[in-house]
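Worksheet: one structure, shown below.
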Amino acid sequence: MIEVLLVTICLAVFPYPGSSIILESGNVDDYEVVYPQKLTALPKGAVQPKYEDAMQYEFKVNGEPVVLHLEKNKGLFSEDYSETHYSPDGREITTYPSVEDHCYYHGRIQNDADSTASISACDGLKGYFKLQGETYLIEPLELSDSEAHAVFKYENVEKEDEAPKMCGVTQNWESDESIKKASQLYLTPEQQRFPQRYIELAIVVDHGMYTKYSSNFKKIRKRVHQMVNNINEMYRPLNIAITLSLLDVWSEKDLITMQAVAPTTARLFGDWRETVLLKQKDHDHAQLLTDINFTGNTIGWAYMGGMCNAKNSVGIVKDHSSNVFMVAVTMTHEIGHNLGMEHDDKDKCKCEACIMSAVISDKPSKLFSDCSKDYYQTFLTNSKPQCIINAPLRTDTVSTPVSGNEFLEAGEECDCGSPSNPCCDAATCKLRPGAQCADGLCCDQCRFKKKRTICRRARGDNPDDRCTGQSADCPRNS
């Protein structure tokens, strides 16, 4: 039997329309101050770990209460995850820190089928969530009241400079005829069910970035972990699991000659990866995080279709923003090039601001366009990259079912947690006899609402969202 433990903090919200604040993510216009309320479901008699496998938080956004359901990203680190830095005399110092009880989560908003979330819960809640089609960021406020957080839209983060930020890859659509043709193909839903693939990622931090963060290894580690958690979430729709295998920080000096021309630095980094890094530890792909200013406002570069090649399975990314999410999007973009994805063409790809846009947009870029999916499918078919087929060593990337965590896991039909729920049997996580559903905007008294019942009122010019009569979810109408 499951007992639900409610840990109530304090729920409040204070909007600050038109005001500005300096946060870790940068200067922010228009934000709300919220005090999240934590709701935790634990088995009776269970010892609460420092960071639970599943958590729930309630707070308000634009005056409306939302419930954020989080589940620990157990596939974030490989089983043999390692960290390397260097002594003053150049010796490698490698450790294998315990990462079992880490603080990085993925999740969703209750009753919003299209929602996603990528959150660090290390010191308060920090990350992003998608709610009703809008991307919001959340992070703790440095106030005497430690529970205060700021919630704000992505586009309300002020630009750190006005110069456009570009990917340095300049190959065009005509550069590969097979890929060009792939962009014109129609993929059936069956074809778009991508096979499960795994990328064991190595991240290398250059000396300039190490110095930028005051030679604070812990601060860099935290930033990188947040970044990879975000990248992992963005690749989930493609059925790609990104696992951090190693973090190598050039704490004493750069181990290659850093150049302002991005492709030159990428070539040197690829040579170093092939001759040095791969001999230290096996991995599938390496990214170099740097503080160098590349020519042409370039913030990233990667080899096209280089995944699994010893020299070319690399990318380089400038740490161009204090906002971790923005740098994570750039790294996601460069990994996409290594997976065969070209830049989105504005005339051929129907996506206003997708991940593979050549220029960073003011609007959130956390989705792959249909063109990108076609490119990736073609890369899998033509190049058959072998290194990303095998799963990492970790065997517990699928969590043990935890009743009451609001995630439908293996073997569960419903997930309520409370024995008093009339629709769901908390002991078995199965629907009770006669019940069609237990939760959702189109579920009422354990039954699906009638077809055409309004489940979400229109916003702007969009039509009302209506139930299908066959599901508890409220689908978004176009």
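Cβ coordinates come from backbone N, Cα and C, glycine included.
Quick caveat, the model's predicted, so the values are computed rather than measured.
Record check of Gln110, Gln191, Gln470 in Swiss-Prot: the feature pyrrolidone carboxylic acid is attached to Gln191. The record from Swiss-Prot ties Glu200, Cys387, Asn390 to Ca(2+), and of the options Asp123, Asp284, Asp465, Asp473 it ties Asp284 to that site too. Candidates considered were Cys424, Cys429, Cys474; the recorded disulfide partner of Cys455 in Swiss-Prot is Cys474.
DSSP assigns Asn293 (site 'Not glycosylated') to coil in the three-state reduction, placing it in neither a helix nor a strand. The Ca(2+) site is defined by Glu200, Asp284, Cys387, Asn390, and by the 8 Å test on Cβ atoms against their centroid, the other residues of the chain that qualify are Tyr198, Ile199, Asp282, His283, His285, Cys308, Ile388, Ile389, Pro392.
On its own chain, Asn293 (site 'Not glycosylated') has Ala260, Lys318 as residues at least 6 apart in sequence with a Cβ closer than 8 Å to its own Cβ.
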